[in-house]
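Undergrad: Before I ask anything, let me first share the structure, which is written out below as structure tokens.
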Amino acid sequence: MARSTSKDAQALFNSLRSAYAATPTSLKIIDLYVGFAVFTALIQVVYMAIVGSFPFNSFLSGVLSCVGTAVLAVCLRIQVNKENKEFKDLPPERAFADFVLCNLVLHLVIMNFLG
Amino acid sequence: MADPENAKEATTLRYAFGNVLSFHSSLDRSSRFLDPSFLCLLIDFQVIKYESVIHEFDPYFNYRVTQFLTKNGIYDFWNWFDDRTWYPLGRVIGGTVYPGLTLTAGTIWWILNSLNIPLSVETVCVFTAPIFSAFASWATYLLTKEVKGAGAGLTAAALLAMVPSYISRSVAGSYDNEAVAIFALIFTFYLYIKTLNTGSLFYATLNALAYFYMVCSWGGYTFIINLIPMHVLLCIVTGRYSSRLYIAYAPLVVLGTLLAALVPVVGFNAVMTSEHFASFLVFIIIHVVAFVYYIKGILSPKMFKVAVTLVVSVGLVVCCAVMAILIALVASSPTKGWSGRSLSLLDPTYASKYIPIIASVSEHQPPTWPSYFMDINVLAFLVPAGIIACFLPLSDASSFVVLYIVTSVYFSGVMVRLMLVLAPAACVMSGIALSESFSVFTRSIKFQLHGLSGSSQVDSGDASSSTVVAQNDAGKAEKTEDTAKERPSKKSKKKEKGIVDKPSLKAKIERRLLVLPFEASIFAILLLVLLGAFYVVHCVWAAAEAYSAPSIVLTSYSHDGGLHVFDDFREAYAWLSHNTEVDDKVASWWDYGYQTTAMANRTVIVDNNTWNNTHIATVGTAMSSPEKAAWEIFNSLDVKYVLVVFGGLVGYPSDDINKFLWMVRIGGGVFPHIKEPDYLRDGQYRIDSQATPTMLNCLMYKLSYYRFVETDGRGFDRVRQTEIGKKNFKLTHFEEVFTTHHWMVRIYKLKPPRNRIRGKTKKPRSKKAQQLEQKEVQLLRGIRGIRPMKLENAKCTVMLILHLPRLWLHFEQELNSEFARMNNRCLLILR
């Protein structure tokens with residue numbers, strides 16, 4: 001039972017890796033950025049757990065800025081992905097411009113809330 | 001008397017015709033969407049009937065805050081600590097008020113003044129609400145257009161322009177949060193639907209900003225942040241997940257939470273209270289779902305199955321652990337993290353059991369059934385038709401509107417104040433229903449006309465009275481035959497789809513034409529127009545009669561037809577502002593707090609914000625106690641004047657005697673020596689000769705009925721419809737200083753304490769003080785024996801020397817109590 005599970009896990013892992021290698025490089029860059037943002041958020045949470053949550057607004061704005069940029073990057077990835085039928089009319093420049101605008105608003109709010 | 005009637009009828013007819021015209025325009029699909037907005041502005045009777053005055057109670061507070069903002073600028077406004085209310089506690093205005101309304105009005109005033117249009121702040125405040133109701137109508141048009149199309153949009157906007165429920169909170173002078181909040185609500189929903197339909201991140205940003213404006217404006221923003229996650233969950237569960245859903249929801253949560261945390265009133269509640277947890281939960285769920293879809297897309301089906309089994313077995317354990325922690329955290333707080341008001345929405349009996357203040361507000365009572373018909377009239381039975389129309393076909397947007405109407409119907413059933421949230425949803429639904437039915441009838445008319453003028457299409461047109469049943473409602477199909485002949489407008493609208501077979505014209509096969517008989521369609525359209533006319537007539541009547549009263553000025557018609565105006569409230573506040581010192585404190589029940597600070601400009605003890613239950617209970621206890629005890633309480637709060645509202649002479653029913661039982665309940669909730677049964681005789685609340693002695697001796701009774709006998713000789717109370725119990729009595733600790741013209745507001749002054757207290761005092765005396773007292777008595781007796789007149793000076797100096805230690809003791813006591821009071825104040829500020 002355990003061996004079949006581990007063999008399944010191995011097979012799964014390999015198929016995932018091969019499928020992911022097929023994605024275009026631009027999307028992989030976005031994925032890397034998302035991963036980096038989430039990683040930064042995790043570091044901040046661990047730091048807060050060690051040091052304490054005062055001042056709370058700074059902690060909130062730091063974590064939410066990481067989560068926010070991750071979410072916006074995922075939205076960008078959705079809109080730029082050529083396999084997505086819903087967005088084939090959307091020029092990638094427009095998608096990127098929306099991404100930049102939303103990030104601007106997000107970071108303006110973050111700067112205000114950072115305290 | 002005859003002329004106003006005629007004028008009103010003329011305006012009613014004009015509105016009826018105007019509405020018919022706008023219906024026609026919806027048929028032609030022209031974009032005359034300015035019409036409904038203009039209609040809103042036309043219904044503005046309040047300014048015509050009375051002067052431009054601010055209504056009710058809450059708007060006076062908002063007006064005072066706006067005055068402060070325009071005078072002192074925005075930094076002082078953010079940091080304002082108001083020491084003229086809730087004496088001696090004060091109130092941090094910057095941190096406890098929703099700034100959206102005041103900032104909006106302040107901005108409008110500032111822009112106009114910088115353009116050299118010198119409008120006063122009061123004018124801007126009075127007219128903010130009608131302007132924003134026009135915007136709300138425009139936003140309803142946009143929202144319904146996204147859901148169903150421009151025709152439905154126009155109809156919905158026209159309906160919202162007149163719906164009485166919304167008019168009641170957006171008349172000129174109703175300067176309250178809902179005036180701008182409803183516009184923000186509809187606009188946020190519109191942007192959400194637009195993002196959902198287009199998948200554009202730009203609209204997602206705008207959506208977050210509109211949500212920010214809503215958070216600034218009203219505490220009802222929690223409705224948005226719970227409804228949208230509910231809708232997302234519904235979409236996921238019904239299999240309508242798409243990447244547009246992710247783009248519509250995920251940025252909103254992050255940006256929205258941050259923006260909500262920016263507003264000082266909300267602050268960290270945006271992440272800590274249970275009202276927001278739904279959004280975070282669905283945020284996590286949508287990420288999980290998105291990830292699952294992504295994996296499904298890149299793996300083969302067999303591998304996907306393997307992945308699912310693996311993940312489920314491991315993930316379930318982790319999930320259970322996290323849920324357990326979360327449940328423990330939430331359960332540790334007694335209210336499970338919800339605020340009192342939200343809990344009373346979820347459990348309607350909560351407030352009456354635990355928080356009498358929330359239960360006592362008349363706006364928080366459940367509505368009666370007739371009030372639905374009064375407030376949304378015809379829309380009440382057009383809504384189910386609209387719900388059916390939304391299901392044909394079901395899209396993301398229409399499922400959202402269905403969810404919106406269902407939740408708002410539930411919440412409006414809990415609190416009559418939330419009928420206001422129901423109104424836009426009802427208008428949207430009814431707009432959809434009316435527009436769809438109009439298009440059905442006009443299409444069949446067009447088809448019939450085309451068939452009459454053409455040649456070969458006639459046969460198939462007549463023959464296919466066989467109707468294909470509508471997709472959803474098989475059960476209602478029997479009625480469709482009958483309703484075609486009867487009045488389809490009065491029953492629910494059924495849609496028939498008849499597919500016409502025309503083998504010769506292939507294009508027509510695809511089009512689904514309707515096959516109602518020609519006369520029936522014309523008749524039905526006429527009836528629908530008549531329905532619209534009834535709606536307009538009712539709305540105009542409701543706006544003119546029921547919802548235009550500013551409630552600070554009352555009117556009544558005397559039997560010879562003249563108008564009698566009761567301006568007692570403003571009379572009393574003007575007297576206060578002219579005849580008392582600036583720093584005098586006025587005690588009254590909390591209803592009148594805002595008006596007193598705004599109009600009379602005096603410090604009050606409690607006001608409509610009702611944030612401190614104990615303070616209100618103190619005032620309630622004072623009103624329920626006998627004179628001496630009440631005087632003690634008021635004296636400890638530095639009160640100089642007590643204000644009482646009394647309607648017994650003129651029959652004004654919302655006076656303090658009618659509210660008195662709430663004072664007893666709230667006071668009794670904190671001070672157990674006040675018991676409600678003491679004031680009731682056999683469970684009945686009376687003020688006549690059968691009333692209990694506690695009732696007849698309490699301060700409220702005495703202040704209301706002092707010298708009332710002098711008005712008509714027997715003291716007949718017109719509101720309670722009895723003669724009062726205790727008629728001739730004197731006040732020992734208060735003196736009457738002002739009573740308004742119709743005796744509606746009565747102001748009393750606290751008598752200063754007497755200099756010498758004869759006999760025993762109730763204060764605890766130390767042994768030293770007692771000895772001093774005995775020595776003083778002996779000395780006085782001794783001196784009196786000799787020659788009192790000549791020894792006047794000696795007596796004084798001797799008494800002064802003897803009293804010095806006692807004076808020092810008293811001074812020390814005073815200092816201690818002052819320090820204690822300062823300490824409490826500091827603690828409250830820091831908290």
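Just so it is clear, glycine is given a Cβ too, placed from its N, Cα and C backbone atoms.
All TrEMBL annotations are machine predictions without curation.
What TrEMBL records for this protein is below:
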COMPBIAS  B:475-489  compositional bias 'Basic and acidic residues'
DOMAIN    B:45-429  domain 'Oligosaccharyl transferase STT3 N-terminal'
DOMAIN    B:583-642  domain 'STT3/PglB/AglB core'
REGION    B:468-499  region 'Disordered'
TRANSMEM  B:92-112  transmembrane segment
TRANSMEM  B:124-143  transmembrane segment
TRANSMEM  B:149-167  transmembrane segment
TRANSMEM  B:179-204  transmembrane segment
TRANSMEM  B:210-234  transmembrane segment
TRANSMEM  B:246-271  transmembrane segment
TRANSMEM  B:277-295  transmembrane segment
TRANSMEM  B:307-331  transmembrane segment
TRANSMEM  B:372-392  transmembrane segment
TRANSMEM  B:399-416  transmembrane segment
TRANSMEM  B:422-441  transmembrane segment
TRANSMEM  B:513-537  transmembrane segment
Undergrad: Tell me, please, if the transmembrane segment (B:92-112) and the transmembrane segment (B:179-204) are in contact, taking contact as 3+ Cβ pairs under 8 Å between residues separated by 6 or more positions?
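TA: Result for the transmembrane segment (B:92-112) with the transmembrane segment (B:179-204) is yes.
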Undergrad: Below 8 angstroms Cβ to Cβ, which residues of this chain, lying six or more residues outside the transmembrane segment (B:246-271), approach it?
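TA: Result: 78, 94-99, 192, 195-196, 199-201, 204-205, 207-209, 211-212, 215-216, 221, 225, 228-229, 232, 279-280, 282-283, 286-287, 290.
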Undergrad: Could you count the residues of the domain 'STT3/PglB/AglB core' (B:583-642) that DSSP puts in helix, in strand and in coil?
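TA: Per-class counts: 33 helix, 10 strand, 17 coil.
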Undergrad: Using a Cβ cut-off of under 8 Å, list the residues of the same chain at least 6 residues beyond the transmembrane segment (B:307-331) that approach it.
TA: 274, 277, 295, 299, 337
Undergrad: Roughly where does the domain 'Oligosaccharyl transferase STT3 N-terminal' (B:45-429) sit in mean pLDDT, to the nearest integer?
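TA: Taking every residue in the domain 'Oligosaccharyl transferase STT3 N-terminal' (B:45-429) and averaging pLDDT yields 87.
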